[in-house]
Amino acid sequence: MYQLFRHGIFQMDAEKAHDFTIQCLKLAGNPLFQPILKSLIHAPKGFPKTVMGVNFPNPIGLAAGADKNGDAIDGFGALGFGFLEVGTVTPVAQDGNAKPRQFRLIEAEGIINRNGFNNNGIDYLIENVKNARYKGVIGINIGKNKFTPLEQGKDDYIFCLNKAYNYAGYITVNISSPNTPDLRQLQYGDYFDDLLRSIKDRQAILANQYNKYVPIAVKIAPDLTESELVQIADTLVRHKMDGVIATNTTISRDTVMGMKNAEQQGGLSGKPLQHKSTEIIKRLHQELKGQIPIIGSGGIDGLQNAQEKIEAGAELLQVYSGLIYHGPKLVKELVKNIK
């Protein structure tokens, strides 16, 4: 059945297909229709897991970027995910980069996007999170507005942290998208140190205010040198971050040279990212020595490479591009088998 749906949406522009799918899932998440979707999916229960002090119904999650505004939380939830990461969301709404900005690399099962954090703003997303009936864990992925100077970038993250804290199962600090100018600079040196210090200070204040501890993860890029990775791992440990998501999309085109759309600018996700993200997880795991849990993301399209990420050191997994190419059966297979 999904093959028919995929054939139809693949006739459409990639972003229009994405928006259409979100609307379908929003409708399917409606209390009137959700039982129908659940009966079609027959999602298995999966294996509960506690990571970052949070109880996840199963270790398979939806990666950020799929549901930027939290419009289809209940629809995605019906597919069987143990957790959903909504966003990336910024303090105020922004249009993102010029269209077209999403491109399929069908022969490689990859996607290039240069969206640029298009979203309706944090307040809109929080309302959707508050209204969701989904019983799994909801993570909120936060970023900075495009026109906020890098030097003031931490203010945007603190603003979003304040808004999201009471409604999130966990919060992800996204400093690794290649589509916001200079954003990845926040992964390095004094910027990184200063950002994490500010975030941890604010987390302590909010934990006291709301009488609960909400863990904070950092999402990193796959395009890191060995020394950069070591430095990032050291900084994460030093600031006692609660988790790390490895990885975001890649700007490398080594695995897709010569393919249609490979020349498009932006972040490449899907199967071409599979090996690279697993290698980063493996190296990160060696550096972190179990002190900080890793959430693995990047190119998961089946049980074998999902298991490879677990063996490399990931405790939770996230999918997105694989869902586009393989449909809900991918989620079902992973939930049924990954512990």
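Please read every residue number as a count from 1 along the shown chain.
Any Cβ shown, glycine's included, is placed from N, Cα and C.
Matching Asn30, Asn166, Asn174 to the FMN binding residues that Swiss-Prot gives (Ala64, Gly65, Ala66, Asp67, Lys68, Thr88, Asn141, Lys219, Thr247, Gly270, Gly299, Tyr320, Ser321) identifies Asn174.
In the structure as shown, the Cβ atom of Asn174 (substrate binding site) sits within 10 Å of 27 other Cβ atoms.
Within 8 A of the CB centroid of the substrate site residues Lys68, Asn113, Arg114, Asn115, Gly116, Phe117, Asn174, Asn179, Asn248, Thr249, the other residues of that chain are Gly65, Thr88, Gly96, Ser177, Pro178, Thr180, Gly266, Gly267. Long-range C-beta contacts of Ala66 (FMN binding site), restricted to its own chain and to partners at least six residues apart, with a cutoff below 8 Å, comprise Phe76, Tyr320, Leu323. A C-beta separation below 8 Å, combined with a sequence spacing of at least six in one chain, links Gly270 (FMN binding site) to Leu105, Ala108, Glu109, Gly110, Ile111, Gly299, Asp301, Ser321, Gly322, Ile324, Tyr325. Taking CA atoms as the reference points, Asn248 (substrate binding site) and Lys219 (FMN binding site) are 7 Å apart.
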